[in-house]
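Undergrad: For reference, TrEMBL lists these features for the protein:
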- 64-86: transmembrane segment (TRANSMEM)
- 98-120: transmembrane segment (TRANSMEM)
- 141-163: transmembrane segment (TRANSMEM)
- 175-192: transmembrane segment (TRANSMEM)
- 213-235: transmembrane segment (TRANSMEM)
- 295-314: transmembrane segment (TRANSMEM)
- 398-495: domain 'Cyclic nucleotide-binding' (DOMAIN)
Amino acid sequence: MEKVKGPTARCTTATCGWRALLLPQLNRQSLYVYGSEMAVEKECMRQLQSGVFVIHPFSLMRSYYIMGMMAITFLNLIGIPMEIAFVDGTSGLAWEGFNVFSDTLFLIDVALNFRMGIIAEDGEEAILDIKRIRLSYLRTWFIPDVIAAFPIGYILLFADLQYYNEDNPSKTNKMMRILMFVRILSLIRLARVSRLVRFFNEVEKVSNANLEVVRLFFRVLSLFMMIFLLCHWNGCIQYFVPMLEEFPTDCWVRKENLMNASVSVKYSWGVFRALSQMIALSYGSMDAPTNYVEMWIVMVSMVSGCLMYTVLVANATTMIANTDPAAKEYKNKMSRLEHYMSFMKLPPELQLRISNYYQARYGGKWFQEKDVMHTVSSALKEQIMMVMCSRLLRKVPMFQNREENFINSVLLKLEYEVFLEGDSIVRVDVPGDRMFFIDHGQVLMETDSYDRELCDGDFFGESCVLTKGKHRATVKALTDCQCFSLSCDDFKEVLLCFPDISKDIEQLVQLDSEGEPV
């Protein structure tokens, strides 16, 4: 019976219905936590067998839900200050409906968080137990979420309906004061900015993105969204505070003659004043603050601008420092190498060849290949070498039709080497102890009787790996060459574990003197 792979093969929308949306998906975070596809599949079965409605932190529903809530939250953080500062109680049915929808959605979100699986603090498991989820949520984000989800939209809708249906002037004035109080009270909904930050962090966790460029994009996007919100809120406050004072004669709104202007014009002037103060260019217009309220607004704007600069510079510095560390390490190594070559007074031609070698060997990215190979498991190391070199070994007659274990053992002994154009890789009549496999590049084999060019996939020096004898030809690199080498000592070490193959190799050694020069 054929084995079914992956969690989605056992439980899909067709087989499990809507419950498949609650199960963990295969992404970089789930594989990091559980270690393998089989472990993710077991986690799916564990959740299905529990029979409890819990949204897994790595589920598809959680991913879409976070991105949707992030968009709704951002729209709220833009629209709420605009409504409070500029709309003047005539927001219209569409905006009232959006407020009610948003409040309803955030109340549902509070309820869903009691059924939202969480990642343990050690990051090694997902907590799906209802009691632990509830206790964790009540101790952390429950109170801020309840405050941010306070249903101001329902109160505003009810107050607007009472205001428009009231004909008594005294009651109308009272309703106007109530509406103003409720609009000020709706500022508590700006506490949803904390949820926006949380949603951004969770989007990165549950995404399939596994590239540093994508992670950097999310960080830059979240930073600029926060800066935009700060400027937006400051611009709305610039107009909102004079409105609370009923526009005194010396306020900037009257000086700019904006009392009857459109919302877009008022907002543009407010943002202009905010940005001018935050970047310390001016007060936003020709005149300095004329009363203590405006003076305090200007001071708060300047301080917030300084904080914005600090956050921007700190984040930019961190991003630059963490971007492409391998390239930075390569530049540092090359700088030290240049100092060394200058100190040793090496000829310019030799300095150039050394620099070219490092570029050909590392490609502008510094890494320690041996450290990488030592940190991975033996199985992964075999797979890496199999992908890189197995095709090279299969072309050598003495490695053809050999058992897989022998080939894998030889692969683990190969060493990566780079030669520049014009390098003499081996010289005739010089003792050798290695054979070479050309991965990329072109070489010229020179003997007394003939010359022959070798390229990708070819090999030379096989007699030396068998006998440690002298090379029978000179081999020069016609281009930059990337090769793998096998030493005689390492090869003999492998042969000790395969006595039958060792006997066959000994027969090849006896016939080697009659073969073609290498």
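Along the chain as shown, residues are numbered 1 onward.
Every residue gets a Cβ built from N, Cα and C, even glycine.
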Undergrad: Mind checking which residues of the chain, 6+ beyond the ends of the transmembrane segment (98-120), have their Cβ under 8 Å from one of its Cβ atoms?
TA: 33, 53-57, 62, 65, 69, 72, 75-76, 79, 83, 91, 126-128, 130, 133-134, 136-137, 141-142, 145-146, 148-154, 156-157, 192
Undergrad: Could you give me three numbers for the domain 'Cyclic nucleotide-binding' (398-495), the DSSP helix, strand and coil residue counts?
TA: 24 helix, 38 strand, 36 coil
Undergrad: Where does the mean pLDDT land for the domain 'Cyclic nucleotide-binding' (398-495)?
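TA: Taking every residue of the domain 'Cyclic nucleotide-binding' (398-495) together, the mean pLDDT is 88.
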